[in-house]
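Notes for the one structure printed next.
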Amino acid sequence: MTDVSDLHTSLTFVELTTVHYSAEDPYGLLNAYITLTPLIIAVGAITLFVFRRDLRTAAVFGGLVLSESLNYVLKKSIKEHRPAFFSMYYPYTSLNRYYVEMLSYLFLQYNININDELRKQSYGMPSSHSQFMFFFATLMTLFLIRRRIKICQYLRSVIIIFLYFLAIMVAYSRYHLYYHTAKQVIFGSIVGMILAPIYFCLVEFIFVPHIFPLLINSSIGRYFYLRDTSSIENLMEFEYNNAMRETQKKTKKTK
């Protein structure tokens, strides 16, 4: 049986879905939910591809994986720790004092160094959440500007503004919840915005004309009904017309 003094070494958590915040922070819960946005987007992209089998959706998800992979390499290369509560980055406010006193009391019971404990999970430079969101926002903006997603101009502008607003909110949530310093958040955002145009060119000039046709016409592509709908002017109208046409055919056969 595990000794109580060894609980901090025998127990761990899934960092992907675990968000810590202070119960005294009036905005803690809101920022905790906001910071989970990248996970929601990733799951949404996978779900959309499974049900639609569109290769452009798969390319978007592939870009998110590429962004996360690059972030992992940068973190392991730069090796800059996440902020600790005794760090000079934060003023000694009442909220910080609550965190420090609570964790210090628990950690000192087992002779754990609070700064080491808070830093040990992973490095913080650059912020993966900030990089993820600004990569996604910039990539989708480029698709919208190049009219790869057919919507009216007004709605296009609203979506672009919302995407960057959401990216900013997620980046701020990482700073607000003390997972990253301002420098780590800003650097991650910049990396995401730089990587997105590069990946967009890769999709438009390599994947679409050369890779997608090979996948679609392969035996695997035909078996899984893979397709590329980027050449269809109005996908919603196209699918609606086809659905109505098939419905009308079946209606005539039953008469």
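Note: Cβ is positioned from N, Cα and C throughout, glycine not excepted.
Noted in TrEMBL for the protein shown:
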{"type": "TRANSMEM", "residues": "30-51", "note": "transmembrane segment"}
{"type": "DOMAIN", "residues": "55-200", "note": "domain 'Phosphatidic acid phosphatase type 2/haloperoxidase'"}
{"type": "TRANSMEM", "residues": "154-173", "note": "transmembrane segment"}
{"type": "TRANSMEM", "residues": "185-208", "note": "transmembrane segment"}
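The list of residues near the transmembrane segment (185-208) in space but at least 6 beyond its ends in sequence, with Cβ under 8 angstroms from a Cβ of it, reads 55-56, 59, 63, 66-67, 70-71, 74, 125-139, 142-143, 146, 167, 171-172, 174-175, 228, 230.
Mean predicted confidence for the domain 'Phosphatidic acid phosphatase type 2/haloperoxidase' (55-200): the pLDDT average there is 77.
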